[in-house]
Amino acid sequence: MFLLKVLFLALLTAAMAKNTTSASATVDWLPVFMLKVRDNRAFDYTVEIGSPRQTLELRLDVGNANLWVPGGDNFTACPTERASPTIADSSTSETAPPAYTTPCAPLGVYELNSSSSGSYFSGVGDTAVDSEADATGVKYSYLDGIEISGHLAMDGFDFPLYDAFRNGSSVNHSLAFQDVGFLYANDSNVNTGALGLGIPCHEYSVSFIDYFKDAEFIKNNSYSLVTSTVNKSDPVLILGGVSSTRISGDFYQYDFVPVVDVTQRFVTVNGGYTDTLPIVPITGIGVTASDGDSVMFPDTFTEQNATGTYPKPALLDSRTLYNFIPYSTLIELALELNAYYASDMDVWLVNCDVGSVGTIDIHLGDLVVKMPISSVMYEQKNDDGSDLVFESGDKACALAFLPDNTLGYSLLGLPFLKNIYLAVNNDYRTLAISNIVRDNETNTKADVLYPMDSETIPLARYNNISSYSDITMTVTTYALKPSQLPKYTEVFVSDGEVYVTRTPDSPSTSAEPSPSGSYSGSTRSAASSHRQSTGIALMLLAQGRHFPAENRVESRAPNDTLHKPLPVNHRNFQLPTRTVSSLFFRPSFVHLGVQRFFVHICEQQVLVAKCCDVWEGDFGYDPDIAAAERLEQKINVLNTDWQAAAINNNDQPVQQTHKPCLLVEELPAVKVT
């Protein structure tokens, strides 16, 4: 077997030598990794380590560089039936017995002491050592919230490869490397190891891609990636080049946007400055209906205590299940999609049928990434596995967008990456993006490969953003204010149904967040009761132990401190249908119910004026006008041009016969887990 691998490597080297490596020339071969899709969300890669070989899966990580594995000394492999537990598997009481005495790693663990070829490693002496005590210990905190600690180690790795040829045939084989450096982890807030694709920016961190570069299989530390499974195509990672068959439409190149971490918690060198992260400039966000009509949201945005103007930098991250965008833009999006915030679940809920009405558009200069709405929605389940539904019986989905002030920066996660073809050249700190191929037929085309061997990514052209050189992403502290709730579009969940009406006050199920954004006090934040310290794992990280709390349904109503609730016996009363200025929801289509909302930016705060009828004659409901007046005095702003108007089904104002209540509410940050 060893001789066969040596012969194979020699043949590959000879074949590559015969091909030119200019940007305009193709090559016959590049290392192609076949990825495994987990729960249609995360993407993993199977490796074999050590002697004898130990098989485990590693999660793809485009933002970080390290190759790390859960160590068998401190992790245990999960039983097969618990490989992908739901939130229902989590402990519901802090007194519940732990499922495991050590953290459970669902994609496998590596036993260093069981490998005759493995050893610990000293970064100081740059040599293998016999014991953990002599090895270099490291602890890394990444910008996306992942934390790992352990010791440097080295062992042999087999990297399985997949080759598809132009005649439609394919072959599977592997490349073997000896003495590959990696992190042997003894603790992490996620229990799935990583195949890091980023640039090493921590002391002693090493990119596995450099082993392929040093062996001259590729010219640069570079790769391209498609994670979509549209048309039954296979998600693949291509080292060292791009495939023209994976590109659809325009293919634009961008320089990495530099970042300044004012906290210096994640970027600990150069005063918190680095240009090593795949960060792109969002120049705008909008929506397009299936009939082709489109809306571009305002080019200004408001977050908690600041305003800004697009372009806004965003980190690309393949281990985060949601996209994080400016709060006021999220409000625009929620109104377009008729989405409601559910504080019990810390997500925005929307009718699943909305997935077919159009696309959400992310603008990156001239490039517009069009994401079908269905691709950025997660179906919701109750603890018993049944569908979460609205009062109408329609299925409820979670919108895969959350406000970026909960992180301190914008982020485009898996929902975005699933809709693009991404190429990255780490050596030149550049990347290129196109939309994915969405042919109606099964994708059977073989990859036509172009090597990355210069600053210009093959087939890509530079973006047209004139102010690019002035863009910097600033990472601030977590700006979350847990006491605030966006009541103006809030719903609550009870007995597996989503209610758009209000109920009397009851305790919130949401725990207070720690400064890191985790929920260490919540019984929802751990897969087993002994791991309460891993609340950050529920911060929407696509880690292996379980997926976050989007599937969790609590039978509680949110606190309502601004105005009085409807009487208890009218809890199920359907509010008038909410009419929004939307491409997707004309009055004849609205199903959730009708009120008109106006969004206004004022004194660096996001405000909403809610128009509602006074129903005191029918229901004895006395709107809390005093609360609105107090808030008016607080901000000293009230746009008198906003007059309430009842809206009938033809979207025409009708004459008001009584004074409406006009409530102005400050929109806070949305709490996430």
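One-based numbering along the chain as shown.
Cβ atoms here come from the backbone N, Cα and C positions, even for glycine.
Positions annotated as active site by TrEMBL: Asp61, Asp317. Among the features that TrEMBL reports, compositional bias 'Low complexity' is placed at 506-526. Taken from TrEMBL, the feature domain 'Peptidase A1' applies to 43-434. Marked as region 'Disordered' by TrEMBL: 502-526. Per TrEMBL, the feature signal peptide maps to 1-17.
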Which of Asp61, Asp317, the listed active-site residues, has fewest other Cβ atoms within 10 Å: Asp61
Pairwise CA distance, Asp317 (active site) versus Asp61 (active site), rounded so that it is a whole Å: 7
Conformational class of Asp317 (active site) under the three-state DSSP mapping: coil
